Each structure stands twice: as structure tokens, then as C-alpha cells.
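Colleague: Quick one: the structure is below, questions incoming.
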């Protein structure tokens with residue numbers, strides 16, 4: 001063990017305003033003063049017909065094959081560079097934001113707040129189990145997360161990323177241990193301010209470091225895919241560079257993985273980008289297998305993936321209706337999506353949300369609408385049958401887990417609101433897109449470029465007559481090859497892809513406008529579309545190649561003015577995670593309660609309680625289950641204006657031993673109507689005007705509860721045991 005002090009940096013601390021510039025706010029619980037650090041760091045830790053066959057399948061000329069080969073070679077070098085660059089960029093932002101290398105194990109766990117802590121807890125369970133299979137059995141028969149229920153968390157929480165990473169971690173540490181190779185270096189950290197020193201470890205042998213490093217590596221691969229696809233879509237290697245630069249210049253609008261690594265989107269989105277690389281015009285089984293695997297890897301880690309895939313299917317169906325996607329190809333894509341959905345349903349142990357989703361219903365509904373001849377009738381039949389089938393399946397299967405999504409969408413267009421809807425809409429990330437977002441797109445020229453690109457695509461499309469049925473130009477590739485007309489029709493094929501991507505861009509824009517969090521789909525897609533400024537097909541009117549490239553470099557130079565400023569603003573975020581009140585709470589729970597004591601409280605805090613103390617909890621941040629939403633509503637009655645007796649009985653029926661009360665949840669108000677007592681007023685109008693119960697409890701918890709712990713933030717209330725008349 002090496003003693004070290006944390007050095008003071010000359011950089012200014014991060015402010016909340018700095019983080020608000022990001023698409024989503026980074027987790028709270030940071031101090032603005034860095035702990036003294038150590039002076040230095042230490043880590044230990046061909047077939048002859050093969051090319052011709054591929055050329056014919058892809059519809060490429062010999063010169064195009066050579067160009068593709070050069071592009072792939074260059075891409076190989078650039079993608080490795082980009083992978084390392086984006087991984088370093090993300091790691092550095094994460095380190096700057098939290099000073100992660102200087103945190104104790106408990107502090108690292110506390111830094112994973114809300115859902116992040118819940119997901120990470122299962123990774124921790126598997127790596128600390130006697131064997132991998134024992135750990136897998138524990139997460140599939142979980143008795144801690146929704147006491148007293150026993151649940152299969154692989155079915156409920158999309159935990160395959162944690163299972164995979166835990167298996168890799170156990171293999172890595174096992175192999176390195178067998179050869180006697182150190183995997184981490186530990187230090188003693190003097191925290192100052194009269195606090196006791198803590199131990200901090202770095203290196204891939206540290207569970208949290210391994211977990212975060214894998215997330216950042218995966219997102220580095222995603223950046224490489226963006227370069228490849230930008231080059232492919234634009235037909236120019238320069239287009240790949242434009243996509244990459246746009247992503248960096250708009251990084252704060254493109255992702256939040258650097259602030260919240262364990263969230264589901266951090267694992268899922270890279271596979272969505274992989275599925276988009278599969279060209280929608282290539283009519284072969286290999287492309288369909290690649291599409292199916294990427295879609296499966298996208299759906300398994302994230303419960304929201306089904307809604308994104310719905311927009312993808314809608315864009316493809318719109319392309320078909322408009323005459324830019326052939327019937328045979330559309331059928332192949334639908335079959336691939338259906339098979340993928342079925343496999344995902346099996347791997348998720350029969351998760352009903354998959355079968356009762358709008359996505360599943362839309363796949364079936366397209367087949368229903370196929371028999372109709374009129375475009376308008378096909379669209380109306382698809383929309384109507386999708387909605388009808390979704391609600392029929394939900395009724396027959398008795399599934400209502402995604403009912404809150406319908407309520408959330410309804411609240412966007414009407415005055416409808418209820419408890420669960422307000423729990424979402426009162427959070428900034430689920431509100432409408434803020435006005436500052438398009439302004440930021442404007443400053444980096446991302447929005448003007450996309451508007452110009454989409455306008456040019458619309459003009460080109462308007463000049464090309466629609467072709468229907470089997471004679472449609474985009475899907476007669478083999479015949480066109482034999483006729484020697486590849487070059488002419490490759491251009492038409494590319495236009496088909498541009499139409500699809502334009503429709504997908506519109507779909508992502510609608511999602512982002514309705515729910516600000518979904519900018520993570522819109523912004524990267526805009527970066528891909530921006531690569532088209534290098535497309536000869538759209539911008540050939542500029543002139544010869546050299547003149548075109550000069551214009552592109554000029555545009556990139558203008559983009560860089562604000563883009564570099566955005567990057568500097570991100571790099572300037574300097575802080576450190578520190579949450580001493582919660583640390584005191586978790587230490588008290590660990591030392592003063594039984595291992596089977598049951599806790600309830602605010603969802604983010606409950607995730608930390610389960611992760612760091614291993615105590616059973618009755619509610620948690622994963623809100624996509626109707627039973628859990630009902631439990632949370634009962635728990636949150638503490639923040640209503642109900643009587644203490646009513647709330648006590650609610651907690652006793654849930655089997656709660658201790659309630660963690662937080663004054664901030666009683667007084668915090670993000671905007672009018674969004675404090676917890678005001679949210680409860682919607683559900684409990686008869687008590688409007690009364691003083692909230694949480695206010696009474698913060699002053700004196702008797703006679704209904706007993707205060708057994710308190711500090712500046714938290715108060716632990718002991719709940720009486722269930723009496724016989726309540727059983």
C-alpha cells in the first residue's frame with residue numbers, strides 16, 4: 001500500500017451551469033474542491049471468384065472495388081486511432097468529472113446513482129459469488145430487489161451486459177492471477193478535512209475500472225463505425241472525417257456515456273449504429289444475418305430499444321410506400337425483425353413487454369396492410385391495426401408494464417397527467433426539447449447542413465419518377481450487373497438509402513422534440529447525414545473534385561470555431577464526487593441493521609442501499625414494471641399530505657423495517673407543479689392545502705415512527721412491525 005496525497009489542480013471547479021450545457025445533467029453528489037492527489041501514477045497491471053462475387057452482390061464496378069479497398073485500408077488505420085481517441089476522451093471526461101481514480105470502493109459505488117447503481121449491483125453480485133454460475137443463479141433468483149418477491153432480473157432489467165462483463169472480469173482476473181501478473185495498484189488516500197483515509201485502487205483488476213473501461217471501449221468502436229458509414233454513405237473518405245468531426249464538435253449533444261456509463265443506452269446504442277451500417281438495398285442473407293444480430297444486441301441491453309426499432313420499421317415502410325424499397329426486400333427485413341424479436345423474447349425469459357409492444361404489433365400489421373392497393377389505405381391500415389393489435393395483446397396477456405409510456409405520450413399532446421406521468425415529465429430529460437438544443441446545432445452548422453442535405457435529397461427525389469413492383473431500379477441489382485449498367489444504377493441505389501435515412505432523421509427528430517433525452521439518437525444521425533456534403537451525387541454542382549473539397553474544408557473550419565469551444569467547455573468540467581452524508585448513511589446501515597432488514601425510500605437512494613449494503617429493498621429506479629410503480633407510489637406517500645397513520649400502514653403492508661427520509665424530496669421543485677407534494681395533489685385532491693407529512697416527519701417522527709439515524713440530508717425512520725390485524 002502506497003500512501004499518497006491528491007494534488008490540487010489549477011483548473012477551475014465545475015459548476016452546475018457547466019453540466020447543464022450537456023444534453024443531460026451529470027449525477028449530483030460532487031464537491032467543487034479536488035482532494036490532494038499523488039505526484040505520480042502507477043499501473044500494473046481467396047477464392048478466385050470471391051471478390052467478383054462480392055462485387056456483383058454489392059453492385060460495384062471494378063474501380064469502385066479498388067476505391068472500397070483503399071477506403072477499408074484507410075478506415076482500418078483511422079478506426080483504430082478513433083477507437084483509442086474516443087476512449088481516451090470519454091475516460092478523461094469521466095475522470096475529470098469525478099476524480100474517479102482517487103475514490104474509495106464505496107465512493108465509486110455511490111457515484112453510480114439511480115438506475116446505474118441498480119445495474120452495477122448485479123455485476124458486483126456475479127463477480128463476488130463463489131462461481132460465475134452461482135452468481136448467475138443469484139441474479140435469476142433475486143430476493144433483495146423487490147422484497148419479499150423473488151424475481152428473475154435477467155427477465156426484468158435487461159442485464160445481459162452485466163452478465164457478459166462479469167464473466168469477462170472473472171476470466172481476466174483468473175488468467176492474470178494464474179500467471180501471477182498484478183492487475184491493479186492500490187493507494188491510501190488522505191481525504192483531508194478531518195476525514196479518515198480511504199483505500200483507492202486503479203487498474204483493470206479493479207471491478208469498477210474494468211466495467212467503465214469496457215463501456216468506453218465499446219463506444220470507441222461505435223465512433224469507428226461512424227467513420228466507416230460516413231465514408232460509405234457519402235462515397236468519400238472525407239465524408240467519414242466529416243461525420244467524426246461533427247460527432248466530436250457536438251459531443252455534449254450526442255451522448256451522456258461519459259457521465260453515466262452503466263445506463264442501458266451506453267451498451268445498446270453502438271449496436272444500433274452497427275445495424276444502420278447494413279445497407280438496406282443489399283438483397284443477401286449475410287446482410288440480413290448482420291442486421292438480425294445487431295438488432296438483437298440492441299434490444300437485449302435496453303427496454304427502450306423497441307420504440308427506436310419501431311421508428312426504423314416505420315421509415316422502411318414509408319420508403320416502400322413511396323416506391324423506394326422493393327416488396328421482396330421489405331419482406332426480408334420484416335422476417336429478420338420478427339425472428340430477432342422472437343429470439344430476444346426467448347432470451348428475456350418471456351418478457352411480455354416485447355410481444356405487447358407497438359414494435360411487435362407494427363411488424364404484424366404491415367403484413368395485414370400489404371394486400372391493399374392504395375397507398376393511403378396501406379398507411380391507414382398499418383397505423384390502425386398496429387394500435388388495435390397492441391391493445392388487444394395487452395388485454396389478452398394482461399400486460400400493462402408499458403402503460404406509463406402511453407400516458408407519457410398522451411401528456412405531450414393533452415392536459416392529461418397522473419402520478420406516474422408527472423414522475424417522468426417533471427424530469428428535464430423527459431420534457432420537450434429545450435430551445436437551446438437547436439441553437440447549439442445552429443452554432444456548429446450541424447442543423448443548416450442537415451437542412452440543406454435533406455432539401456437536396458427532396459429535390460433529387462422529385463426529379464426521379466417512382467418505379468413500382470419488380471422492375472423498381474433499386475432492387476434489380478443482379479440483372480443490372482449483367483447488363484453492364486452498374487455505375488448508372490449504383491447512383492439510384494444510393495438515392496434509395498438517402499431517402500430511408502432522411503425519413504429516419506425525421507423520426508428521430510420527432511422523438512427528440514417530444515423527449516429531450518432522445519437527442520442521443522438524433523444528433524449522431526445528423527452527424528452521419530452531414531457526411532453527405534462530400535457526396536458528388538448531391539453536391540456535384542459545386543464543381544470539380546478539388547473545388548468541392550475546398551468547400552468542405554471551409555465548412556469544417558467554420559464548424560470548428562464553435563466545435564472546439566464546445567470541447568474546451570467539456571474539458572473544463574473539473575470536479576470530484578463526494579457525498580459524505582450518504583456515506584454516513586450507508587456506513588450506519590452496514591453497522592447497525594440486520595442483513596435482512598428491509599428498506600424503502602427515494603428510488604435513487606434505494607439503488608445505493610442495495611448496491612453498497614446488500615440490504616433488501618421494496619422499490620428501486622427501474623420504473624418499467626406496473627407492480628414496481630404501484631409499490632413506489634405507496635412508498636412515496638410519505639411525501640404526500642396524507643395522515644401519518646395511512647402512510648405507516650402502507651409501509652407496514654410492504655414489510656418495510658426502515659424508511660430513508662430525504663428533506664430535499666419534500667421541498668425540491670424543478671418547476672411549478674413538480675414538487676412531490678404537488679405531484680401527489682393530482683392523485684389525492686381531498687388533502688390539498690395540508691402540510692405535507694414529510695415536513696412533519698422532518699420535525700418530529702413520533703408517534704407513528706421512530707428516528708434512529710439522522711444527518712444533514714438523511715433521516716432513517718423505524719417502521720413498526722405488522723400487527724395481527726394487518727396480516
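Backbone N, Cα and C atoms are what each Cβ position is placed from, and that goes for glycine too.
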Colleague: Looking at 445-463, 464-482, 578-596, which one is transmembrane segment according to TrEMBL?
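Modeller: Here TrEMBL associates transmembrane segment with the stretch 445-463.
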Colleague: Looking at 208-232, 233-257, 258-282, 358-382, which stretch does TrEMBL describe as transmembrane segment?
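Modeller: TrEMBL lists transmembrane segment for residues 208-232.
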Colleague: Between the candidate ranges 1-48, 49-96, where does TrEMBL place the region 'Disordered' annotation?
Modeller: 1-48
Colleague: Using Cβ atoms and a strict cutoff of less than 8 Å, what residues sit near the transmembrane segment (208-232) while being 6 or more residues removed from its termini?
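Modeller: Distant contacts of the transmembrane segment (208-232): 71, 75, 78-80, 82-87, 90-91, 94, 100, 105, 108-109, 120, 123, 165, 168-169, 172, 184, 201-202, 238-244, 247, 255, 257, 261-262, 266-267, 269-270, 273-274, 276-277, 279, 524, 527-528, 531.
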Colleague: Top stretch among 304-325, 445-463, 522-543 for CB pairs under 8 A with the transmembrane segment (498-516)?
Modeller: 304-325
Colleague: Going along the chain, which residues at least six beyond the ends of the transmembrane segment (445-463) come within the CB cut-off of under 8 Å?
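Modeller: Same-chain residues near the transmembrane segment (445-463) but 6 or more away: 246, 249-250, 324, 438, 495, 498-499, 502, 505, 523, 526-527, 529-530, 532-533, 537-539, 555, 558-559.
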